[in-house]
Amino acid sequence: MDYHMDYIPNEVISHQGERFVDKYVDRKILKNKKSLLVIISLSVLSVVGFILFYFTPNFRKSDLFKNSSVENNNDDYIINSLLKSPNGKKFIVSKIDEALSFYDNKMKDINKNNNNNTSSDFKGLSLFKENKPSNNFIHNENYFINVFDHKFLMNNVEHINQFYTFIKTNNKQYNSPNEMKERFQVFLQNAHKVKMHNNNKKSLYKKELNRFADLTYHEFKSKYLTLRSSKPLKNSKYLLDQINYDAVIKKYKGNENFDHAAYDWRLHSGVTPVKDQKNCGSCWAFSSIGSVESQYAIRKNKLITLSEQELVDCSFKNYGCNGGLINNAFEDMIELGGICTDDDYPYVSDAPNLCNIDRCTEKYGIKNYLSVPDNKLKEALRFLGPISISIAVSDDFPFYKEGIFDGECGDELNHAVMLVGFGMKEIVNPLTKKGEKHYYYIIKNSWGQQWGERGFINIETDESGLMRKCGLGTDAFIPLIE
């Protein structure tokens, strides 16, 4: 089976500042206010839609829709085009002004009818989890987004729209307006970093905002970078050392030479699809399970999907969602007598789960595992298969989009991934205008196929593979099933 992918770049989200205002909301008139706001919002959108529809035949003459096509003239395209156009923003503001004037008049009538002498004009909207009726709006709560302030709207409407799209796309839920505000600020900070990086023409890779965009690096690190420091197991019955490596590589390599420039196991049916560890610090399990899956694909011609959840639950040398070691995973995998398939023992992320080794009758095991010398990574990769490795990740890593990663590294080994290939790409130097060869390792990650290049990342190296950026391969193991 061929796992080679075409990688499609996405738009990078831009950045501006954000302003929040405080407003007290009276519960007694909330329901009426909310209904009116819905009616007003629908009215404004209807007016916008009607005007755009009415002038659609002449849209080619308008700068707003320049270089567009009829097929692209859908709701999302129209809204995004309006948001990018100063005249479009002014039009929206004028319609909101009209709606707000109508709303204020209605609110005066409502206040009079309810004999409410303490009500205030409603000036803000909030985005947060509506798990309880009382959470729709909260007395004395701060930080409502002021969408009726002209300067705020003109300066931030694009980013509010982007943040809303981010929330919707990633199914984010916030427990309060205050949390929403804090996440929005983090989102904007990350957006700024992404924009600044992508403006650097010297970098070999691009960034993008993704599901991690509302997390600080400290939060991201504590949740996803949970690899423990490797401690060689003394007197292990299963770990093959340097002496055994020479014997094993000779068995599969013989006297054959190989091209140090490029080899990709995805092109040789040796890599199973990228998975997602979700909200569990289980990178160690995905790295070790993935390399076992690759061995069955390469040696047995079996495409199987094994259970990371069984390792998370039953690898007692490791710490479940709180981290672990690759070599401990292989040790426990052997002690357990093999691993069930993912169908028999499905992944549930960070949900509590007790170990149940009897969920399946057929298990897939390994005989032992091999420690790969850090100066033999390309050789081992080419002749033995994908390798479970450690790496030192920094805050540049989470927002990787495409290209050859040449960013900053972490100061400690904190993540487990898979080494699945290596390659070379000739890139024109923007200063010399000459093509330069850039070598890289191909890494399979466990953050889903929406991250990076369909779940993979390319990290710079040299032709020999001895350059191990970010400590790549300091811990390197291959499971053996024969």
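Just so you know, glycine gets a Cβ as well, placed from its N, Cα and C.
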Have a look at N67, N116 and find the one that Swiss-Prot tags as N-linked glycosylation site.
N67
Among 16-25, 216-225, 276-285, 376-385, indicate the range for which Swiss-Prot gives the feature motif 'Bipartite vacuolar targeting signal 1'.
16-25
If you compare CA-to-CA distances from C360 (disulfide bond) to each of the recorded positions C280, C283, C314, C321, which comes out shortest?
C314
Calculate the distance in Å between the alpha carbons (Cα) of C470 (disulfide bond) and C321 (disulfide bond), and round it to a whole number.
23
Surrounding CB atoms that lie within 10 Å of the CB of C360 (disulfide bond), all protein chains:
17
Same chain only, sequence gap of 6 or more: which residues have a CB within under 8 Å of the CB of C321 (disulfide bond)?
T226, N279, C280, G281, S282, V312, S349, D350
Densest Cβ neighbourhood among C280, C409 (disulfide-bonded residues), 10 Å radius:
C280
What are the sequence-distant neighbours of C355 (disulfide bond), meaning same chain, six or more residues apart, C-beta distance under 8 angstroms?
E310, D313, C314
Does DSSP give H415 (active site) helix, strand or coil?
strand
